[in-house]
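Student: From TrEMBL, for reference:
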TRANSMEM  70-88  transmembrane segment
BINDING   Gly76, Val79, Asn83, Asn341, Leu470, Ser474  Na(+) binding site
TRANSMEM  100-121  transmembrane segment
TRANSMEM  142-169  transmembrane segment
TRANSMEM  226-247  transmembrane segment
TRANSMEM  259-282  transmembrane segment
TRANSMEM  302-323  transmembrane segment
TRANSMEM  335-356  transmembrane segment
TRANSMEM  458-483  transmembrane segment
TRANSMEM  495-513  transmembrane segment
TRANSMEM  533-554  transmembrane segment
TRANSMEM  575-594  transmembrane segment
TRANSMEM  614-639  transmembrane segment
Amino acid sequence: MPKNSKVVKRELDDEVIESVKDLLSNEDSADDAFKKSELIVDVQEEKDLEVEEGSEVEDERPAWNSKLQYILAQVGFSVGLGNVWRFPYLCQKNGGGAYLLPYFILLLVIGIPLFFLELSVGQRIRRGSIGVWNYISPKLGGIGFASCVVCYFVALYYNVIIGWTLFYFSQSFQQPLPWDQCPLVKNASHTLIEPECEKSSATTYYWYREALNISSSISESGGLNWKMTVCLLAAWVMVCLAMIKGIQSSGKIMYFSSLFPYVVLICFLIRALLLNGSIDGIRHMFTPKLEIMLEPTVWREAATQVFFALGLGFGGVIAFSSYNKRDNNCHFDAVLVSFINFFTSVLATLVVFAVLGFKANVVNEKCIAQNSEMIIKFLKMGNISQDIIPHHINLSRITAEDYHLVYDIIQKVKEEEFSVLHLNSCQIKDELNKAVQGTGLAFIAFTEAMTHFPASPFWSVMFFLMLINLGLGSMFGTIEGIITPIVDTFKVRKEILTVICCLLAFCIGLIFVQRSGNYFVTMFDDYSATLPLLIVVILENIAVSFVYGIDKFIEDLKDMLGFAPSRYYYYMWKYISPLMLLSLLIASIVNMGLSPPGYNAWIEEKASEEFLSYPMWGMVVCISLMVLAILPVPVVFIVRRCNLIDDSSGNLASVTYKRGRVLKEPVNLEGDDASLIHGKISSEMSSPNFGKNIYRKQSGSPTLDTAPNGRYGIGYLMADMPDMPESDL
């Protein structure tokens, strides 16, 4: 708390006593019911205690063991699988090194300000997302519920990806790796290479056929894949055990789950740089394509990546920061975690492109060898004259430079007949230009590259162990974004809620481990998070900047941090960030409308992917996911605006007294002028007017009153004590 908190508390308590005297002075002598009620205020010079209303024992909120543990938790949540298999793809697709500039600009405009906003409200109010937005504005309390719904949707399929990674991790302890070669099949006469594998590749075949055993469409269930079902169960057991004690258990695991990926990434980078062709991959990545940078799509995808990279809107950021001390410098935390996330993405991109550069060189060498054999055949058949081949070139041991020289010569000499020869140019950049992201990068491209590594099982184990840690770090934050708000709001036992949450998620998650499960993962990834999360974050920004008031929020931050945040944040929160978020929302809706809803299905006969549209029921599911995710916002608004439910549970914004002790810090007693940080001197606080802002419960009433205008403003919880004369007050 700020250093002057004790003085402020005395002033606040004195103000309450004065207000009570004012209240008593207005007492109607004929009001017997009023005389039977008492209010006792006892000055406390202790630290703030967050207490369940009506409880007999004060319940102090858990806290992080150290600042390092908290930073690692936030880093573990924000740095996830997207940094390894989404950011490198976007960097390659959208201009290479030129993509880093729009990403960095949007990190400063959208990322850091909104990340700072979520950290600060969570730290000050010390509640999960539901409690925070109920506090800011009860009518916008649905924002917190929407965050929980989106978190749960994401957790359902995100843990399936961890299950896939567990499967590959368990299969990596073999020499050679099981996806190194195509399997052989026997028929009546002789042994053949599996046709599906021969048409694609060993790693592609292993992913689609051995791991997923995928069906040909989303409508073809194919039953459960028992291997992936076991892996999904193991993934949920790991998450449940890590989260069952809250931050006391997950916080300690963060030391390993957050730091280990960096060890692996650095080891991979060093190893990859020693491989042939790695520099080609890095050069390809950082070669800027400035003309692409001016396209609107680049900025839209960069903004979306910034948005998801920091975990905005999920509630995990708010939940983790709610366990901080109120005087923690959350501005420093916001900047630090944001830049760690950015540099992690750059580091992961370096590793990915170094490995892909090595893989491209291996593929290119095979291409050159195959095409050289074709040229030798054409020379023997007389299709190509030996005279055009330079004498110093040995086609049986040809280098890449010599091959490209021969290729260019043949192309010029056989200009009209060249297409009939079916020769390939075998350019490394052609291989590197093949955009690969997501599961295709992790389970196909990267696994294929590792088969060419010396001691490939070791590197495979390290790689998938890194992915498991990245995934678990994000899962901890996602589950915390669900558990913490529910525990704070409904006062249930965290252990029981965690077990129920994980068990229910596993049961629902069985749809993702069918043979068609991969298509459902794509559906949830595309429709359950993007638009709902954008809407949630826009509403968060609006709630703080316009409903609560940006000037009051800045004053709150000044009181909490001990210094005034830069004026930069004022303009970002009030003008720039809302406009950017609304633009991103519109662009995302337009892009979704222009892109036909569908998925890439694996066709066994063709041994390749083919785009298929969702069936009608699939479209209904897609729309339902988006509607369900955002539905709590209008529902809660309507319920509280129209007072459809008598919410007598009180609110964080209320002054609650029990056993003569201030349980919750008082706020400005004028309904619309409530402040997050209660550092105002008593002269600045208005005295309550009887019958307007103060609602006094009669003796024996177990609940709190709420203001008739729907604001959960001021209420008194009366202690059940014997009657006392007014002089004792």
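Every residue gets a Cβ built from N, Cα and C, even glycine.
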Student: Across all chains shown, how many C-beta atoms besides its own are within 10 angstroms of the C-beta of Ser474 (Na(+) binding site)?
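Tutor: Here the count is 28.
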Student: Please list, in sequence order, every residue of the chain apart from Gly76, Val79, Asn83, Asn341, Leu470, Ser474 whose Cβ lies within 8 Å of the Cβ centroid of the Na(+) site.
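Tutor: After dropping the recorded site residues, what remains is Val75, Phe77, Ser78, Gly80, Leu81, Gly82, Ser258, Pro261, Thr344, Gly473.
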Student: Any contact between the transmembrane segment (335-356) and the transmembrane segment (302-323), i.e. 3 or more CB pairs below 8 Å with pairs at least 6 residues apart?
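Tutor: In this chain the transmembrane segment (335-356) contacts the transmembrane segment (302-323) - 3 or more Cβ pairs sit under 8 Å.
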Student: Restricting to the same chain and to residues at least six past its boundaries, which positions have a Cβ under 8 Å from a Cβ of the transmembrane segment (533-554)?
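Tutor: Residues 114, 117-118, 121, 133, 136-137, 140, 143, 146-147, 150, 307-308, 312-314, 564-565, 569-570, 573-574, 577-578, 581-582, 584-585, 588, 630, 633, 673, 675-676.
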Student: Check the transmembrane segment (70-88) against the transmembrane segment (302-323) for contact, please; criterion is three or more CB pairs under 8 Å, pairs 6 or more apart in sequence.
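Tutor: Touching, yes - the transmembrane segment (70-88) and the transmembrane segment (302-323) meet the threshold of 3 or more Cβ pairs under 8 Å.
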Student: Return the residues near Asn341 (Na(+) binding site), defined as same-chain residues 6+ apart in sequence whose C-beta is under 8 angstroms from its C-beta, sorted by sequence, else 'none'.
Tutor: Val75, Ser78, Val79, Asn83, Ala309, Leu310
Student: Who are the long-range neighbours of the transmembrane segment (226-247) in its own chain, taking Cβ under 8 Å and residues 6 or more past its ends?
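Tutor: Tertiary neighbours of the transmembrane segment (226-247) are 62, 64, 73, 159-160, 162-164, 166-167, 170, 211-212, 253, 320, 323, 472, 475-476, 479-480, 483-484, 494-495, 498-499, 502-503, 505-506, 509-510, 512-513, 517.
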Student: Show which residues of the chain containing Leu470 (Na(+) binding site), separated from it by at least 6 in sequence, have their CB under 8 Å from its CB.
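Tutor: Residues satisfying the criterion: Val79, Gly80, Leu81, Asn83, Val84, Pro261.
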Student: Among 259-282, 302-323, 495-513, 575-594, 614-639, point out the range having the most Cβ pairs under 8 angstroms from the transmembrane segment (142-169).
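Tutor: Selected stretch: 614-639, with the most Cβ pairs under 8 Å.
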Student: Neighbour count, 10 Å Cβ-Cβ cut-off, for Val79 (Na(+) binding site): what number do you get?
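Tutor: By my count, 27.
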Student: Considering only the recorded stretches 259-282, 495-513, 575-594, state which has the highest number of Cβ pairs under 8 Å to the transmembrane segment (302-323).
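Tutor: Out of the listed stretches, 575-594 contacts the transmembrane segment (302-323) most.
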Student: Which residue, of the binding-site residues Gly76, Asn83, has its CB surrounded by the fewest other CB atoms within 10 A?
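Tutor: Each of the binding-site residues Gly76, Asn83 was scored by Cβ atoms within 10 Å; lowest is Asn83.
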Student: For the transmembrane segment (575-594), could you work out the same-chain residues 6 or more beyond its ends whose Cβ comes under 8 Å from its Cβ atoms?
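Tutor: Here the qualifying positions are 106, 109-110, 113-114, 296, 300, 303-304, 307, 530-531, 534-535, 537-538, 541-542, 545.
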Student: Should anything in the same chain at least six residues away from the transmembrane segment (614-639) have a Cβ under 8 Å from its Cβ atoms, list it; otherwise answer none.
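Tutor: Answer is 139-143, 145-146, 149-150, 153, 218-219, 523-524, 526-529, 531-532, 535-536, 539, 597-599, 645.
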